[in-house]
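A quick write-up on the structure given underneath.
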């Protein structure tokens, strides 16, 4: 990476965790990802989850149809794990190059996860098949028991689900997605080469005070929820250290304004327009720009066993204001950092 004071030039990055939705929303949000990233791991939690090869092929085509001319973008599809998923269908999708990975949502952990897994034991034959195939398991790492405080769900998941699973299937490749706690940061750091993590810009930039003090800020509400400052700092220190098994995963998750600004709002930050510049700002603040390219563009492909993108992206130190909103057919989207000035932006 070359890093003059005003320009950052890096290999074209990938987004290893994104929600592109469907229908009109998909058509609106896809270009914000396809313009910047060479590839993206696409989450399968649509209203009708992606559980079959045919459904994934059809969804992939809808995504590709929404990619503007001139954008070189490859969506990497994932399979939504359910208690009744057919392991043969999953293996077929992996061998045919349709499924890159499979996603484990604990039932009711986040948006459109009611079809999720009730217990790891229920899908153990599928996970054993994935271990044999070398197919990555992507994990939303939170327990959903009613008695567990929402701020403790990730740490509890490590102890009661993640560690027993990894002890049982020692060669299963696992991505601990959107980690939010010092517990998870330490767990991944202490893990072996079969364990990696993605980290979002919002969890690096903010903590729960930013969301709750002086008025509630619904556009910072996401799941896993923002945690204490000590957890934010642990994540920042992990990426600043140059740790090679952590990589970019925005978890960009658009919801229309009326579904966010309501008495029972949806979880998710639509950060695709400003995420790369947000990451750059964090690395700069941590005096860690030397590790920025690896986090964005190299660590993910290394873990997934994929080639690094051939192209390049330049970020320029050019203060720009994030739009207040983005028009939808019958509503609007409020992007992450709406109305705020960002230091780094992608050169068009």
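A Cβ is built for glycine as well, from the same backbone N, Cα and C atoms used for every other residue.
Just so it is clear, the model here is predicted, and its values are computed rather than measured.
Record note: Swiss-Prot gives 19, 20, 21, 45, 140, 223, 255 as substrate-binding, and the candidate from 56, 58, 267 in that site is 267. The Zn(2+) 1 site recorded in Swiss-Prot comprises 17, 19, 103 together with one of 210, 251, 318, namely 251. Among the candidates 71, 95, 115, 178, the one that Swiss-Prot lists alongside 103, 140 as binding Zn(2+) 2 is 178. When the recorded positions 103, 178, 251 are ranked by how far their Cα is from the Cα of residue 21 (substrate binding site), 251 comes first. Remark: of the binding-site residues 20, 223, 267, the most isolated position is 267 (fewest other Cβ atoms within 10 Å of its Cβ).
Among the recorded positions 19, 103, 140, 251, 255, the ones whose Cα is located within 10 Å of the Cα of residue 178 (Zn(2+) 2 binding site) are 140, 251. Distance between Cα atoms for residue 267 (substrate binding site) and residue 17 (Zn(2+) 1 binding site): 15 Å, as a whole number.
In terms of Cα distance, the binding-site residues that sit within 10 Å of residue 103 (Zn(2+) 1 binding site) are 45, 140, chosen from 20, 45, 140, 223. The Cβ neighbour count for residue 103 (Zn(2+) 1 binding site), using a 10 Å radius and every protein chain shown, is 27. In this structure, the CA atom of residue 251 (active site) is 9 Å away from the CA atom of residue 223 (substrate binding site).
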